[in-house]
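Read through the structure below, which is laid out as C-alpha coordinates, and then see the notes.
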Amino acid sequence: METAGLSFSRYFVVMNLLQMTIPSSEQFTVNSLERPVLAALGGNVELSCQLSPPQSAEHMEIRWFRSHYTRPVYLYKEGKDLYGETISKYVERTKLLKEAIGEGKVTLRILNVSADDDGQYHCFFKDGDVYEEAIAEVKVTATSLEIQILIHPPNTKGLLVECNSEGWFPQPQMEWRDSRGGIIPPSSKSHSQNGNKLFNMKMSLLLRDSSHGNITCYLRNPITGQEERTSIVLSDKLFSWDSVWILILVAILAVLLFFIMMPSVELQQREQRRCCDWNSPCLIGIGIVFSSMCVIIGLTITLHHRNRVPVSDRKFQLVSMYLEDMTVMVWVLMVFITMLISLVYFRLRGFFQI
(Lines of atoms letter the chains of each structure in order from A and count residues from 1; the text may use other names and numbers.)
(Lines give C-alpha, C1' and ligand atoms only; values in the text may rest on other atoms or scores of the structure.)
Protein backbone atom coordinates (compact mmCIF):
# COMPACT_ATOMS: atom_id res chain seq x y z
CA MET A 1 0.00 0.00 0.00
CA GLU A 2 2.78 2.39 0.89
CA THR A 3 4.53 1.58 -2.41
CA ALA A 4 1.35 2.29 -4.40
CA GLY A 5 0.77 5.59 -2.57
CA LEU A 6 4.36 6.65 -3.17
CA SER A 7 4.05 5.87 -6.90
CA PHE A 8 0.86 7.93 -7.17
CA SER A 9 2.50 10.88 -5.41
CA ARG A 10 5.47 10.76 -7.78
CA TYR A 11 3.11 10.66 -10.81
CA PHE A 12 1.18 13.65 -9.49
CA VAL A 13 4.38 15.69 -9.00
CA VAL A 14 5.67 14.81 -12.49
CA MET A 15 2.36 15.87 -14.10
CA ASN A 16 2.43 19.19 -12.25
CA LEU A 17 5.99 19.82 -13.42
CA LEU A 18 5.02 19.05 -17.02
CA GLN A 19 2.10 21.47 -16.83
CA MET A 20 4.43 24.14 -15.49
CA THR A 21 7.07 23.65 -18.22
CA ILE A 22 4.76 23.16 -21.23
CA PRO A 23 2.80 26.32 -22.07
CA SER A 24 -0.93 25.84 -22.56
CA SER A 25 -3.06 27.70 -25.09
CA GLU A 26 -5.61 29.87 -23.34
CA GLN A 27 -8.69 31.52 -24.80
CA PHE A 28 -8.31 35.20 -25.68
CA THR A 29 -9.88 37.96 -27.73
CA VAL A 30 -8.31 40.66 -29.89
CA ASN A 31 -9.32 44.30 -29.55
CA SER A 32 -8.68 47.12 -32.00
CA LEU A 33 -9.89 50.65 -32.64
CA GLU A 34 -13.57 50.74 -33.50
CA ARG A 35 -13.39 53.97 -35.51
CA PRO A 36 -11.43 54.36 -38.76
CA VAL A 37 -7.89 55.74 -38.63
CA LEU A 38 -7.33 58.75 -40.91
CA ALA A 39 -4.15 58.72 -42.98
CA ALA A 40 -2.90 61.61 -45.09
CA LEU A 41 -1.62 60.71 -48.53
CA GLY A 42 2.16 60.31 -48.42
CA GLY A 43 2.26 60.21 -44.61
CA ASN A 44 2.48 57.36 -42.09
CA VAL A 45 -0.26 55.53 -40.24
CA GLU A 46 -0.23 53.17 -37.23
CA LEU A 47 -2.73 50.39 -36.49
CA SER A 48 -2.72 48.78 -33.04
CA CYS A 49 -4.38 45.69 -31.62
CA GLN A 50 -4.32 44.18 -28.11
CA LEU A 51 -4.88 40.74 -26.62
CA SER A 52 -7.47 40.44 -23.88
CA PRO A 53 -6.73 39.38 -21.22
CA PRO A 54 -3.21 40.83 -21.57
CA GLN A 55 -0.59 38.13 -22.10
CA SER A 56 2.67 37.62 -23.92
CA ALA A 57 2.41 37.15 -27.68
CA GLU A 58 6.10 36.54 -28.36
CA HIS A 59 5.53 32.85 -29.10
CA MET A 60 2.38 33.44 -31.17
CA GLU A 61 1.82 33.93 -34.87
CA ILE A 62 0.82 37.52 -35.64
CA ARG A 63 -0.49 38.17 -39.11
CA TRP A 64 -1.76 41.42 -40.65
CA PHE A 65 -3.64 40.95 -43.92
CA ARG A 66 -6.21 42.71 -46.12
CA SER A 67 -8.83 40.52 -47.78
CA HIS A 68 -6.76 37.34 -48.27
CA TYR A 69 -5.30 35.42 -45.34
CA THR A 70 -2.57 33.89 -47.50
CA ARG A 71 -1.33 37.30 -48.69
CA PRO A 72 -0.21 39.06 -45.51
CA VAL A 73 0.78 42.68 -45.22
CA TYR A 74 3.07 41.63 -42.36
CA LEU A 75 3.87 38.25 -40.79
CA TYR A 76 5.49 37.52 -37.43
CA LYS A 77 5.97 33.84 -36.58
CA GLU A 78 8.11 31.84 -34.17
CA GLY A 79 9.70 35.02 -32.88
CA LYS A 80 10.81 36.19 -36.35
CA ASP A 81 9.63 38.67 -38.97
CA LEU A 82 8.95 36.72 -42.17
CA TYR A 83 9.06 38.78 -45.36
CA GLY A 84 8.96 35.93 -47.87
CA GLU A 85 5.16 35.60 -47.79
CA THR A 86 4.47 39.33 -47.51
CA ILE A 87 2.95 41.28 -50.42
CA SER A 88 5.89 42.84 -52.23
CA LYS A 89 4.60 46.42 -52.17
CA TYR A 90 4.43 46.31 -48.36
CA VAL A 91 7.87 44.81 -47.66
CA GLU A 92 9.69 48.15 -47.63
CA ARG A 93 6.77 50.15 -46.24
CA THR A 94 5.67 48.25 -43.13
CA LYS A 95 7.10 47.72 -39.68
CA LEU A 96 5.75 45.84 -36.66
CA LEU A 97 6.30 47.68 -33.38
CA LYS A 98 6.77 45.06 -30.66
CA GLU A 99 7.72 47.14 -27.61
CA ALA A 100 4.58 45.95 -25.78
CA ILE A 101 4.38 42.44 -27.23
CA GLY A 102 4.93 41.03 -23.73
CA GLU A 103 1.50 42.45 -22.85
CA GLY A 104 -0.07 41.26 -26.09
CA LYS A 105 -0.03 44.61 -27.89
CA VAL A 106 1.46 45.17 -31.35
CA THR A 107 1.32 48.08 -33.80
CA LEU A 108 1.60 47.96 -37.57
CA ARG A 109 3.19 51.08 -39.06
CA ILE A 110 2.64 51.78 -42.77
CA LEU A 111 4.97 54.28 -44.41
CA ASN A 112 4.33 56.55 -47.40
CA VAL A 113 0.58 55.93 -47.48
CA SER A 114 -1.04 55.70 -50.93
CA ALA A 115 -4.65 55.49 -52.08
CA ASP A 116 -4.23 51.69 -52.39
CA ASP A 117 -3.80 51.49 -48.61
CA ASP A 118 -7.38 52.62 -48.02
CA GLY A 119 -9.62 49.93 -46.49
CA GLN A 120 -9.71 47.22 -43.83
CA TYR A 121 -6.83 45.38 -42.15
CA HIS A 122 -7.18 42.12 -40.19
CA CYS A 123 -5.05 41.73 -37.05
CA PHE A 124 -4.77 37.95 -36.53
CA PHE A 125 -3.28 36.17 -33.49
CA LYS A 126 -2.74 32.40 -33.37
CA ASP A 127 -1.53 30.35 -30.41
CA GLY A 128 -1.57 26.62 -31.14
CA ASP A 129 -5.12 25.76 -32.08
CA VAL A 130 -6.54 28.98 -30.67
CA TYR A 131 -6.84 32.03 -32.91
CA GLU A 132 -8.76 35.29 -32.95
CA GLU A 133 -8.72 38.48 -35.02
CA ALA A 134 -9.84 42.09 -35.01
CA ILE A 135 -10.41 44.46 -37.91
CA ALA A 136 -8.98 47.96 -38.21
CA GLU A 137 -9.90 50.42 -40.96
CA VAL A 138 -7.77 53.05 -42.69
CA LYS A 139 -9.29 56.09 -44.41
CA VAL A 140 -6.80 57.68 -46.79
CA THR A 141 -7.40 61.36 -47.51
CA ALA A 142 -5.93 63.76 -50.06
CA THR A 143 -6.98 67.34 -50.72
CA SER A 144 -5.85 69.40 -53.68
CA LEU A 145 -4.96 73.05 -53.14
CA GLU A 146 -5.04 73.81 -56.87
CA ILE A 147 -8.36 74.71 -58.48
CA GLN A 148 -8.52 76.14 -62.00
CA ILE A 149 -11.43 78.02 -63.55
CA LEU A 150 -11.42 78.30 -67.35
CA ILE A 151 -13.65 80.61 -69.40
CA HIS A 152 -14.37 79.53 -72.96
CA PRO A 153 -15.13 82.08 -75.69
CA PRO A 154 -18.83 83.08 -75.63
CA ASN A 155 -21.13 81.87 -78.39
CA THR A 156 -24.80 82.00 -79.28
CA LYS A 157 -25.73 79.73 -76.40
CA GLY A 158 -23.94 81.66 -73.67
CA LEU A 159 -20.70 81.61 -71.72
CA LEU A 160 -19.18 78.27 -70.70
CA VAL A 161 -17.20 78.27 -67.44
CA GLU A 162 -15.21 75.17 -66.46
CA CYS A 163 -13.67 74.19 -63.12
CA ASN A 164 -10.86 71.60 -62.85
CA SER A 165 -9.09 70.18 -59.81
CA GLU A 166 -6.78 67.15 -59.56
CA GLY A 167 -5.40 64.97 -56.77
CA TRP A 168 -8.40 64.27 -54.47
CA PHE A 169 -9.14 61.18 -52.41
CA PRO A 170 -11.77 60.00 -51.89
CA GLN A 171 -14.04 61.59 -54.50
CA PRO A 172 -14.91 65.07 -53.21
CA GLN A 173 -18.21 66.91 -53.22
CA MET A 174 -18.15 69.50 -56.02
CA GLU A 175 -20.60 72.30 -56.77
CA TRP A 176 -21.04 75.82 -58.12
CA ARG A 177 -22.19 78.61 -55.81
CA ASP A 178 -23.34 82.16 -56.52
CA SER A 179 -22.43 85.37 -54.68
CA ARG A 180 -25.12 84.65 -52.05
CA GLY A 181 -23.87 81.14 -51.35
CA GLY A 182 -26.70 79.45 -53.23
CA ILE A 183 -26.01 76.27 -55.18
CA ILE A 184 -26.07 76.57 -58.98
CA PRO A 185 -26.88 73.32 -60.82
CA PRO A 186 -23.93 72.44 -63.11
CA SER A 187 -24.33 71.89 -66.83
CA SER A 188 -22.09 68.83 -66.57
CA LYS A 189 -19.93 67.09 -64.00
CA SER A 190 -17.40 64.29 -64.49
CA HIS A 191 -14.41 62.66 -62.82
CA SER A 192 -11.57 60.30 -63.61
CA GLN A 193 -8.84 58.51 -61.66
CA ASN A 194 -5.15 58.62 -62.48
CA GLY A 195 -2.63 55.84 -62.05
CA ASN A 196 -2.39 56.56 -58.31
CA LYS A 197 -6.21 56.27 -57.97
CA LEU A 198 -6.51 59.97 -57.16
CA PHE A 199 -9.63 61.72 -58.44
CA ASN A 200 -9.48 64.41 -61.11
CA MET A 201 -12.65 66.49 -61.00
CA LYS A 202 -14.24 68.52 -63.79
CA MET A 203 -17.42 70.60 -63.74
CA SER A 204 -18.88 73.06 -66.24
CA LEU A 205 -21.55 75.75 -66.10
CA LEU A 206 -23.30 77.46 -69.01
CA LEU A 207 -24.27 81.04 -68.17
CA ARG A 208 -26.66 83.16 -70.24
CA ASP A 209 -26.39 86.33 -68.15
CA SER A 210 -24.55 87.80 -65.17
CA SER A 211 -27.43 87.43 -62.71
CA HIS A 212 -25.39 85.11 -60.46
CA GLY A 213 -22.73 87.77 -59.83
CA ASN A 214 -19.40 86.21 -58.97
CA ILE A 215 -19.40 82.41 -59.07
CA THR A 216 -17.41 80.03 -56.88
CA CYS A 217 -16.13 76.53 -57.59
CA TYR A 218 -16.43 74.68 -54.28
CA LEU A 219 -14.92 71.30 -53.32
CA ARG A 220 -15.12 69.42 -50.01
CA ASN A 221 -13.40 66.26 -48.79
CA PRO A 222 -16.19 64.04 -47.35
CA ILE A 223 -13.88 62.39 -44.80
CA THR A 224 -12.02 65.33 -43.27
CA GLY A 225 -14.52 68.05 -44.14
CA GLN A 226 -11.71 70.19 -45.56
CA GLU A 227 -12.96 72.74 -48.08
CA GLU A 228 -11.28 74.44 -51.02
CA ARG A 229 -12.78 77.09 -53.28
CA THR A 230 -11.95 79.54 -56.04
CA SER A 231 -14.12 82.47 -57.18
CA ILE A 232 -14.30 84.51 -60.36
CA VAL A 233 -16.13 87.73 -61.24
CA LEU A 234 -17.73 87.82 -64.70
CA SER A 235 -18.17 91.13 -66.52
CA ASP A 236 -21.48 92.02 -68.19
CA LYS A 237 -19.58 92.56 -71.45
CA LEU A 238 -19.02 88.81 -71.73
CA PHE A 239 -22.77 88.26 -72.18
CA SER A 240 -23.35 90.77 -75.02
CA TRP A 241 -22.53 88.25 -77.74
CA ASP A 242 -26.04 86.85 -77.84
CA SER A 243 -27.58 90.10 -79.06
CA VAL A 244 -24.61 90.74 -81.37
CA TRP A 245 -25.14 87.41 -83.15
CA ILE A 246 -28.84 88.13 -83.57
CA LEU A 247 -28.13 91.55 -85.09
CA ILE A 248 -25.55 90.05 -87.43
CA LEU A 249 -27.94 87.36 -88.65
CA VAL A 250 -30.81 89.82 -89.12
CA ALA A 251 -28.55 92.18 -91.07
CA ILE A 252 -27.27 89.37 -93.27
CA LEU A 253 -30.78 88.13 -94.02
CA ALA A 254 -31.93 91.66 -94.84
CA VAL A 255 -29.02 92.18 -97.22
CA LEU A 256 -29.67 88.76 -98.75
CA LEU A 257 -33.29 89.59 -99.47
CA PHE A 258 -32.31 92.98 -100.85
CA PHE A 259 -29.71 91.59 -103.27
CA ILE A 260 -32.00 88.82 -104.43
CA MET A 261 -35.32 90.61 -104.69
CA MET A 262 -34.25 93.98 -106.10
CA PRO A 263 -32.77 92.61 -109.36
CA SER A 264 -35.72 90.27 -109.71
CA VAL A 265 -38.17 93.17 -109.27
CA GLU A 266 -36.30 95.22 -111.85
CA LEU A 267 -36.41 92.36 -114.31
CA GLN A 268 -40.05 91.76 -113.49
CA GLN A 269 -40.95 95.30 -114.38
CA ARG A 270 -38.77 95.22 -117.48
CA GLU A 271 -40.13 91.99 -118.85
CA GLN A 272 -43.71 92.60 -117.62
CA ARG A 273 -44.30 88.95 -117.04
CA ARG A 274 -46.65 87.30 -114.66
CA CYS A 275 -45.25 86.05 -111.38
CA CYS A 276 -46.74 82.66 -111.98
CA ASP A 277 -44.52 82.13 -115.04
CA TRP A 278 -41.92 79.50 -114.23
CA ASN A 279 -39.17 81.67 -115.75
CA SER A 280 -40.17 84.87 -113.94
CA PRO A 281 -37.46 86.60 -111.85
CA CYS A 282 -39.75 86.52 -108.83
CA LEU A 283 -40.02 82.75 -108.81
CA ILE A 284 -36.33 82.36 -109.60
CA GLY A 285 -35.43 84.55 -106.61
CA ILE A 286 -37.69 82.50 -104.36
CA GLY A 287 -36.15 79.33 -105.79
CA ILE A 288 -32.63 80.53 -105.02
CA VAL A 289 -33.59 81.36 -101.43
CA PHE A 290 -35.36 78.01 -101.00
CA SER A 291 -32.43 76.06 -102.47
CA SER A 292 -29.99 77.90 -100.22
CA MET A 293 -32.09 77.10 -97.17
CA CYS A 294 -32.16 73.41 -98.14
CA VAL A 295 -28.38 73.36 -98.56
CA ILE A 296 -27.85 75.11 -95.22
CA ILE A 297 -30.19 72.72 -93.39
CA GLY A 298 -28.55 69.71 -95.07
CA LEU A 299 -25.05 70.86 -94.13
CA THR A 300 -26.17 71.53 -90.56
CA ILE A 301 -27.70 68.06 -90.18
CA THR A 302 -24.61 66.42 -91.70
CA LEU A 303 -22.29 68.40 -89.43
CA HIS A 304 -24.18 67.42 -86.29
CA HIS A 305 -24.61 63.79 -87.37
CA ARG A 306 -20.94 63.18 -88.17
CA ASN A 307 -19.68 64.78 -84.95
CA ARG A 308 -22.11 63.28 -82.48
CA VAL A 309 -20.75 62.69 -78.99
CA PRO A 310 -22.58 60.71 -76.25
CA VAL A 311 -24.09 62.81 -73.47
CA SER A 312 -21.98 60.89 -70.95
CA ASP A 313 -18.76 61.96 -72.71
CA ARG A 314 -16.65 64.52 -70.86
CA LYS A 315 -16.33 66.59 -74.04
CA PHE A 316 -20.05 66.69 -74.80
CA GLN A 317 -20.53 70.29 -73.67
CA LEU A 318 -17.53 71.59 -75.61
CA VAL A 319 -18.44 69.63 -78.75
CA SER A 320 -22.01 70.95 -78.59
CA MET A 321 -20.79 74.53 -78.41
CA TYR A 322 -18.31 73.86 -81.22
CA LEU A 323 -21.10 72.51 -83.43
CA GLU A 324 -23.25 75.55 -82.71
CA ASP A 325 -20.44 77.89 -83.67
CA MET A 326 -19.78 75.90 -86.84
CA THR A 327 -23.50 76.00 -87.68
CA VAL A 328 -23.52 79.79 -87.43
CA MET A 329 -20.43 79.97 -89.63
CA VAL A 330 -22.06 77.69 -92.23
CA TRP A 331 -25.16 79.89 -92.28
CA VAL A 332 -23.13 83.06 -92.70
CA LEU A 333 -21.00 81.49 -95.43
CA MET A 334 -24.00 80.16 -97.34
CA VAL A 335 -25.77 83.50 -97.10
CA PHE A 336 -22.83 85.26 -98.70
CA ILE A 337 -22.53 82.58 -101.39
CA THR A 338 -26.26 82.89 -102.12
CA MET A 339 -25.95 86.66 -102.33
CA LEU A 340 -23.06 86.33 -104.75
CA ILE A 341 -24.83 83.77 -106.94
CA SER A 342 -28.03 85.82 -107.01
CA LEU A 343 -26.22 89.03 -107.81
CA VAL A 344 -24.22 87.47 -110.64
CA TYR A 345 -27.24 85.64 -112.05
CA PHE A 346 -29.60 88.59 -112.16
CA ARG A 347 -26.95 91.01 -113.38
CA LEU A 348 -25.96 88.69 -116.21
CA ARG A 349 -29.57 87.99 -117.07
CA GLY A 350 -30.38 91.66 -117.16
CA PHE A 351 -27.28 92.34 -119.24
CA PHE A 352 -28.13 89.79 -121.92
CA GLN A 353 -31.77 90.89 -122.09
CA ILE A 354 -31.06 94.60 -122.61
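Glycine too: its Cβ is placed from the backbone N, Cα and C atoms.
Taken verbatim from Swiss-Prot:
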type	residues	note
DOMAIN	23-141	domain 'Ig-like V-type 1'
DISULFID	C49-C123	disulfide bond
DOMAIN	161-233	domain 'Ig-like C1-type 2'
DISULFID	C163-C217	disulfide bond
TRANSMEM	243-263	transmembrane segment
TRANSMEM	283-303	transmembrane segment
TRANSMEM	326-346	transmembrane segment
Checklist entry - Rounded to a whole number, how many Å is the Cα of C217 (disulfide bond) away from the Cα of C49 (disulfide bond)? => result 42
Checklist outcome for this item: Here the Cα-Cα span from C123 (disulfide bond) to C163 (disulfide bond), rounded to a whole number of angstrom, reaches 43
Checklist outcome for this item: Reduced to three DSSP states, the domain 'Ig-like V-type 1' (23-141) has 10 helix, 60 strand, 49 coil
Checklist outcome for this item: Using DSSP three-state counts, the residues of the domain 'Ig-like C1-type 2' (161-233) come to 0 helix, 43 strand, 30 coil
Checklist entry - What count of other C-beta atoms do you get within 10 angstroms of the C-beta of C49 (disulfide bond), across all chains shown? => result 26
